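> Pasting a structure here, questions to come.
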Amino acid sequence: EFSLFGLVLIAIGTGGIKPCVAAFGGDQFILPQQERYLSTFFSLFYFSINSGSLISTFLTPVLRSSVSCFGDSTCYSLAFLVPAILMTLSIVIFVLGKPLYKIVKPTGNVVLNVSRCISHAIYRKVTSKGEKRKYWLDYADDKYDRLLINDIKSALQVMVLFIPIPIFWALFDQQGSRWTFQATRMNGEIGNFLIEPDQMQVFNPLLVLIFIPLFESWLYPLMGKIGLRTPLRILSVGGFLASLSFVAAAVVELDLEKTYPILPSKDLAQLRVFNTLDCNVRVTVHDPELSIALKSMDMWEDRYIEAKGERKLSYEADFSVCDQAGITALNKTRGEMLVLEKQATSWAITQNGLSHVYNDSIDKSSNGNPLIRGLIYVEPSQPDVDLELIQKDAVVKTLKINSSLFHETELIEVAHGVYDIRLNEFVKKEVPLKLGGVYTVVGSVTEKGSKVDLITVTEPNTMHMLWLIPQYVIITMGEVMFSVTGLEFAFTQAPISMKSLLQACWLLTTAIGNLIVVIVAEISIFDRQIFEFVLFAVLMFVDIIIFSIIAKFYKYVDNPEDEEIIDMSEKFGTVNTSYHDDEK
């Protein structure tokens, strides 16, 4: 509930700040005399936004994972507290600068007046018979000011250009979802330093800070020489780059899929057999014919056993080596192992034979952290024991092992790193638990002593995260061209009375883009991520072609600084003082 309340508050706050801050900054300039400075302002404005994003993206994962609080191994509270303090400080600084600002006082509710004017025009167009007007909005001239009507016309022309824009944001905002999920399936190790999956997003604001001055001083002048310097053409190039970035993401995904774990699928079952004993065991399976030689603390697996519903596999187990060593009283046993379709079934060998079965989990964790469970056999004569994960001489995790009832422990998530694994007096030192790995600690506790070993059930990530950099470079180039230019275009092409309104409409395209991503995710058209990447790349390519066609027919407008500001305040009485008797 508190999380939802927080989201509501941040939505209200963002809705109040974002549409106004860019327009407010633009109001500080005299146009057209300072048009060049206005362009620089929007670049610096976006530069400052991404400076904050860079700091936040880098520090938040560190604050969250490196500090412990309230008894947890992480501290999300600190990760939220620091931005809250900084935001409060920024408000204080902003208020202190008030004497330096040029403040244009609001004259009424722009959205309400525009809505009423449009509604009245539509009503009169539908109800008026025989009366023809060149533009449908002209039907509102009996009640609304001609200047307001013309401003709405100009605003609507710009809004038409905004129609294809949400697709760009649908692609751009996937850096924090699908691209981050890609990173969770990759290896972030660089020497002793580890890149966290969500830290890959640092590249976006970092590259923005590099590209903005580079584009202003070098790329845009070069584009001007080949006729691509107008805002709408720059927006088109930015959209094309966004499409290209998802082609790059699809290429990476194609290679990344080769490292994904093979999960149980239709008509197939997976079987794993773990040996918890400190001796070798041989298991022979009939139909299909399988000969399984299991060393001490070892695992055998078959990921492609044909099964419809369930299947029973007859087996013979040879414990003669264990019998001779005095570990078991068994020599040979027979029985059936049950496997289930679309499930990973694991059997454990103990002193009682193949006596325990459970449904295993072999998929990687959603955030990329290692997963580990214990499979420890303890003789009934022995007391309960603890399986401990130790890091820097401190116990990080403890798994309770019951001697009276053999059972696998829960599958827990731990941080990437090197651990010592301790079971009673036995310690297995310097065991690396890597990103994406799924592990089972196999062992036994008998009167002769304790022993454990680590089994890798699912291999850790091997493809490096730095392979994601090309797609981040391309999408960021597109973002600088698209977002900075779009902010400037929405401001300069908007009538003075509607600059904040068009800024709000520009931001609304981001919300619609996010909604598109949610819809595609909920529909779940594809079972492979690569197909979604290709879909978004194609959508963006088609979308930017449509945008280019619409842009071809757009006529740029000049809005001089001395343009009359429409009084949007409510008028009462029989005389409308805001009415202008313009020429028809």
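Using N, Cα and C of the backbone, Cβ positions are placed for all residues, glycine too.
From a predicted model like this one, the values you see are computed outputs, not experimental measurements.
Grabbed the feature section from TrEMBL, which reads as follows:
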- 38-63: transmembrane segment (TRANSMEM)
- 75-96: transmembrane segment (TRANSMEM)
- 154-172: transmembrane segment (TRANSMEM)
- 202-220: transmembrane segment (TRANSMEM)
- 232-252: transmembrane segment (TRANSMEM)
- 472-494: transmembrane segment (TRANSMEM)
- 500-521: transmembrane segment (TRANSMEM)
- 533-554: transmembrane segment (TRANSMEM)
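Describe each of these features in terms of where it is and what it packs against.
Within the chain, the transmembrane segment (38-63) has long-range Cβ neighbours (under 8 A, six or more residues past its boundaries) at 21-22, 25-26, 28-29, 31, 75, 78-79, 82-83, 196, 198-199, 201-202, 204-206, 208-209, 212-213, 216, 480, 483-484, 487-488, 491-492.
Residues of the same chain lying 6 or more positions beyond the ends of the transmembrane segment (75-96) and with a Cβ under 8 Å from any Cβ of it are 56, 59-60, 63-64, 67-69.
Residues of the same chain lying 6 or more positions beyond the ends of the transmembrane segment (232-252) and with a Cβ under 8 Å from any Cβ of it are 161, 167-168, 171-172, 178-179, 182, 220, 223, 467-468, 470-472, 474-475, 477-483, 485-486, 489, 530, 533-534, 536-538, 540-541, 543-544, 547-548, 551, 554.
Residues 18-20, 22-23, 110-111, 114, 155, 158-159, 162, 165-174, 177, 486-487, 490-491, 493-494, 532, 535 of the same chain lie 6+ residues outside the transmembrane segment (500-521) yet bring a C-beta within less than 8 angstroms of a C-beta in it.
Panel annotation: around the transmembrane segment (533-554), residues 157, 160-161, 163-165, 167-168, 170-171, 174, 178, 232-233, 235-236, 239-240, 242-244, 246-247, 249-250, 253, 520, 525-526 of the same chain, lying at least six beyond its termini, place a Cβ under 8 Å from a Cβ of the stretch.
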> Would you kindly list the residues that approach the transmembrane segment (202-220) from elsewhere in its chain, counting only those six or more residues past its ends and only Cβ-Cβ distances under 8 Å?
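Residues 40, 43, 46-47, 50-51, 53-54, 57-58, 175, 229, 234, 468-469, 472-473, 475-477, 479-481, 484.
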